[in-house]
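Worksheet: one structure, shown below.
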């Protein structure tokens, strides 16, 4: 038995390709048989991925989801930042430059509104849940932006590690919520064209969540949403530990 | 030819990431600022440039398209490696602060879109 585990762990990436392939296959099957394609196969696949991550976390007690199980450690490479970003960039193939230019202003407005509004909503919730110091409030508010902005901000202004952990969890909940909600609300908010996708990406941020959500809504929209979402993290890292922190400090004293 | 497409994608990727890292350093935050966005813009430019010279070989294109089709599988692998257990167990605050702002922003999507968008019909893909 031991040699099988070793073999699978040694060929981790290939095992991940096989496993994800099987997940996609069964998701397409479930989508067709159970929902008559109303819920796209890709959305089911991403949800199954999250379920696997939960199982992996419970079984191993680790923090890397299913990748903490030795035989499936290749998931970490396949789902890591390198492949993810490489694949995101490739989706720009076929993007219409005319559309990008036309969306310009709305894209920039959505970025600022997205970061500032999300920050203050998160900060207000932190306040009402018992956090009274500017550093914790700011860190949790930043975590509401993305799970990168939270820890970057927390580290910059000297937050305690449990508050930083909460901010990461907040960003993660956001990313998961977006992944699941996007295909469900797409029709209601008119998310069926590149311009709206760019505004959507700018308002929401979280590249991973936006890209996953759009992927299960309409894969053609992914590059547009991902393009603005990728600037969200930068703007968040820029505004949260500086201007927004000072503002919170003034408000809560 | 296939590898030329992959290499073009890789070149845009590296250049974009470098730009993002450099920008991050210039504004003193230890993070990559918009690297993926820059890389995507570079790829859009490169693609337009090749198309104008009529030298975007279909096989070269398929080297890039392969990766864009691998996108959803990569995202599935990514979601399988998230710390979902902790996100679910670290309490109400993470849930509330993670979901409520999202709901508000989703609500705003149509009104901000309207800023640049007078006639929705012309945007259909």
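For all residues, glycine too, the Cβ spot is worked out from N, Cα and C.
All TrEMBL annotations are machine predictions without curation.
Look at TrEMBL and you will find B:30-50, B:62-80, B:86-109 tagged as transmembrane segment.
Non-local neighbours of the transmembrane segment (B:62-80) in the same chain are 1-6, 8-9, 43; each lies 6+ residues outside the stretch with a CB under 8 Å from one of its CB atoms. Nonlocal intrachain contacts for the transmembrane segment (B:30-50), taken as residues 6+ away from its ends with a CB within less than 8 angstroms of a stretch CB, comprise 8-9, 12-13, 15-21, 23-24, 56, 60, 64.
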